[in-house]
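Pulled from TrEMBL:
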- 3-319: domain 'FAD/NAD(P)-binding' (DOMAIN)
- CYS40-CYS45: disulfide bond (DISULFID)
- LYS49, THR141, GLY142, SER143, ASP304: FAD binding site (BINDING)
- GLY178, GLY179, GLY180, VAL181, ILE182, GLY183, MET184, GLU185, GLU201, GLY264: NAD(+) binding site (BINDING)
- 339-444: domain 'Pyridine nucleotide-disulphide oxidoreductase dimerisation' (DOMAIN)
- HIS436: active site, proton acceptor (ACT_SITE)
Amino acid sequence: MKYDIIIIGGGPAGYNAAEKAAVNGLKTLLFEKKAIGGVCLNEGCIPTKTMLYSAKLYDSAKTASKYGIKATENAQFDLEKIISRKNKTVKKLTSGVKMKLKESGVEVIEKKALIQGESDGTIKIKCEDDIFETTFLLICTGSETFIPPIKGLSEIDYWTSREALDVKELPSSLAIIGGGVIGMEFASFFNSLGVKVTVVEMLPEILGTMDKELSAMLRSEYAKKGIDFHLNTKVVEVSDKDVTIEKDGKTSKIEAEKVLVSTGRKANIQNIGLESLNIELLKNGIKVNEFMQTNHKNVYAVGDVTGSYLLAHTAMREGEVAINHIVGNEDRMNYDTNPAVVYTNPELAGVGKTEEELKESGTKYNVHKLPLAYSGRFIAENEGGNGVFKVITDENEQIIGCHMLGNPSSEMIVSAGIAIEKKMTLQDLQKIIFPHPTVIEVIHDISYM
């Protein structure tokens, strides 16, 4: 059977692109070998945020007396119900995605697909014993957990994010290898539920791609909550009872009933048939241009498989760009306003340039910064909480970066991204009326600095 476009991979990149393709009149077939929604919906974004929200409510219940609520000082959590609610949430959203695909006219096959080359300008895709033909191919095969070659790791029952999401019983102690976004979000969850958490990070600071100053502040907040951090530190060996670490040539041991490996992800580019179309690869994924087009003019790749920004929202936007290019709509990928969020408690978010990037490139810039305590709303809802809003501008006061620590950064970062996208200056912000009281109005205060 012949299609206008075949999409391999049903994660956020794939299912969103499939819907857009079908709406634009393309006869569309989507292959997904495991579960519609991909890692994000089934083993990543959604389940972690569901569990983190339960942990956040538990934290709030334990500190409710600060807000005049007396009945919850002995609050308890039910781990089984937390996991059950997570599963129900995933099931509900997965059903919703499938319904949208059906309503859009996308044909879905939940089986593994393999690229089989092309003939006469038609790309061949094999699924079991059947061959499917297409004019365009969109590769959205995602990524998988990178497992480092650590001595003893293969001999123990370690966790990745997948196992941590289905935990049946809490360990007394947990060593997390890797202090990136995934590592810190799980550190937040298990710390809230009373597990002794230790984070080991090879870099000088956690959350390597985020603003360093705010990352250090977040680390300080969690250190106060009892999490131990070992920075500039390498894990050299693990066992079923401890982790051996090395720093400055000296080794020591960390007690750990369980080990969570959170050392990043790698693109799924193996065993999908890329070589049959001579698709060009980079070290970390498939090479694409600003239209998400590979070296083959009719083959596109989006999402984690390109190895660039391993974020669901980025993947969805990349998919839109690819489909727009295929149907002839003017569009191209721009990462300047690509936001990143760490859903800890407090949240950390950023969009645009960081100070570190600007220093490295030798670009002159200005920093405008205020504590979130300037917001009456923040004070009212965050007793004793700390937060910072940082705006970075160029020499003409045009906004080129925004970074914030404090709740709800994940919601506020959107406004900052729009300001960067529209090339707004601080003076432009002065003309906007912000609702009062809100936390985001701090950016209005910053505009007068």
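Any Cβ shown, glycine's included, is placed from N, Cα and C.
Since we're looking at a predicted model, the values are computed, not measured.
For the pair formed by THR141 (FAD binding site) and HIS436 (active site, proton acceptor), distance between Cα atoms is given as 44 Å, rounded to the nearest Å. Under a cutoff of 8 A between CB atoms, and with a sequence separation of 6+ in the same chain, the neighbours of CYS45 (disulfide bond) are ALA312. Here the binding-site residues are THR141, SER143, and the one whose Cβ sees the fewest other Cβ atoms within 10 Å is SER143.
Around ASP304 (FAD binding site), the C-beta neighbours below 8 angstroms that are at least 6 residues distant in the chain are GLY11, ALA13, VAL39, GLY142, SER143, ARG265, ALA267, ASN268, GLY285, LEU310, ALA315. Sitting within 8 Å of the Cβ centre of GLY178, GLY179, GLY180, VAL181, ILE182, GLY183, MET184, GLU185, GLU201, GLY264, and not among those site residues for NAD(+), are the Cβ atoms of ILE176, PHE186, ALA187, VAL199, ILE206, LEU207, SER262. The residues of the domain 'Pyridine nucleotide-disulphide oxidoreductase dimerisation' (339-444), classed with DSSP into helix (H, G, I), strand (E, B) and coil, number 36 helix, 29 strand, 41 coil.
Geometry remark: LYS49 (FAD binding site) versus GLY178 (NAD(+) binding site), CA distance 19 Å. Secondary structure at ILE182 (NAD(+) binding site), taken from DSSP and collapsed to helix, strand or coil, is helix. Around MET184 (NAD(+) binding site), the same-chain residues six or more apart in sequence whose CB sits under 8 Å from its CB are VAL199, ILE206, LEU207, LEU218, TYR222, VAL342, THR344, listed in sequence order.
Each residue contributes its Cα atom, and for GLY180 (NAD(+) binding site) and CYS40 (disulfide bond) these two points are 16 Å apart. In the three-state DSSP scheme, SER143 (FAD binding site) falls into the strand class.
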